[in-house]
Amino acid sequence: MNNKITKWVFWVLFLTSITIGVVIWSLTVGSSGIPAGKVFTVLFRGTAGPEYDIIFNIRLPRIILGFAIGGALSLAGILLQGMFRNPLVEPYTLGISGGAGLGVSLNILLGFYQIGVLTLPFSGFLGAIVVLAIVYVLSLRRGSSQLQGLLLTGVMMSFVCSSVMMLIMAISRTEDLHGIIFWVMGSLEESNWLMIKITLIVSVFFLVIAHFFCLDLNALSLGEEEAQHLGIHVERTKRLLFIMTSLLTGFCVSVAGIIGFVGLVVPHFIRVFIGNDHRVSLVAAFLAGGAFLIFCDTLARTMIAPLELPVGVITGIIGGGLFIYMLAKRGKR
């Protein structure tokens, strides 16, 4: 028990230190560089000036949102990989992102976004809920929430939603098409502090809830029959985990768009370096995912400054490259 606590404390402190370092770096770099000393002065003394506006109105909101979204996607990824016992499963595999993307695309096509700034995330979340309901109902028609059935149904729904989105993009006006494409590639450019606070609260809330399933996930990693012998209600646990990860993924996609590879690569590396004990890996994945997305978003807004790249492009390049490297390294063994 003491070894487990020591391991948990070590990884939490280590990843927290990395996250703080990435946050400080992100606050200092950009088209207008700010020295680290000036950053601390502005943060703790609130000195008014151009640096204050840059930090509190531009960089800090993106950092907080990036930490919340990255942590949530990584959390959803490690929960799904534990439930399916498959390291290649990620939050977007279940088709939830396709539903959210379809909801936002319809919103932009029909012009509902002109009503208010919160209509885009609301329509995205509504689309995710609809796909979640379809996937879940189809899985129940099989008699139980069979994992392979859930996976295949989710993949098929993802293809259907992607096809409808391409149809919408083909018939959209030029300005609407630009908005859909930029949203699909992912962005943390959110100036609404209320939305940022809600996202952070939702992410932390799901992290707390996920910890109640740590022992269930550890048992499921041994196999469904073994988990049942250990007293785990397998079907109920799978249903709850599926609904929880789907809601979390749908919320993230509705706020920030489709940011790929965070929920695949980060949980995979956490399992490699930390292991399969979810009492440790859940918090570790959340912290690592948050730090990773902040790092990628900082690159996205500084590489071709003052222009900005979609953060989903950066996560795809870095995350995909790291994943290929890991697979190649394992293949040599």
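Cβ from N, Cα, C; glycine included.
Taken straight from TrEMBL:
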TRANSMEM  9-28  transmembrane segment
TRANSMEM  60-80  transmembrane segment
TRANSMEM  92-113  transmembrane segment
TRANSMEM  119-138  transmembrane segment
TRANSMEM  150-172  transmembrane segment
TRANSMEM  192-219  transmembrane segment
TRANSMEM  240-270  transmembrane segment
TRANSMEM  282-300  transmembrane segment
TRANSMEM  307-328  transmembrane segment
Criterion met for the transmembrane segment (282-300) and the transmembrane segment (92-113) (at least three Cβ pairs under 8 Å):
no
Short question: most Cβ pairs under 8 Å with the transmembrane segment (92-113), which of 60-80, 192-219, 240-270, 307-328?
240-270
Quick one: find which recorded stretch in 9-28, 60-80, 119-138, 150-172 has the most Cβ pairs under 8 Å with the transmembrane segment (240-270).
60-80
Going along the chain, which residues at least six beyond the ends of the transmembrane segment (60-80) come within the CB cut-off of under 8 Å?
19, 23, 26-27, 89-91, 93-94, 188-191, 193, 196, 199-200, 202-204, 206-207, 210, 213, 217, 241, 244-245, 248-249, 251-252, 255-256, 259, 262-264, 266-267, 270-271, 278, 281-282, 285-294, 297, 301, 311
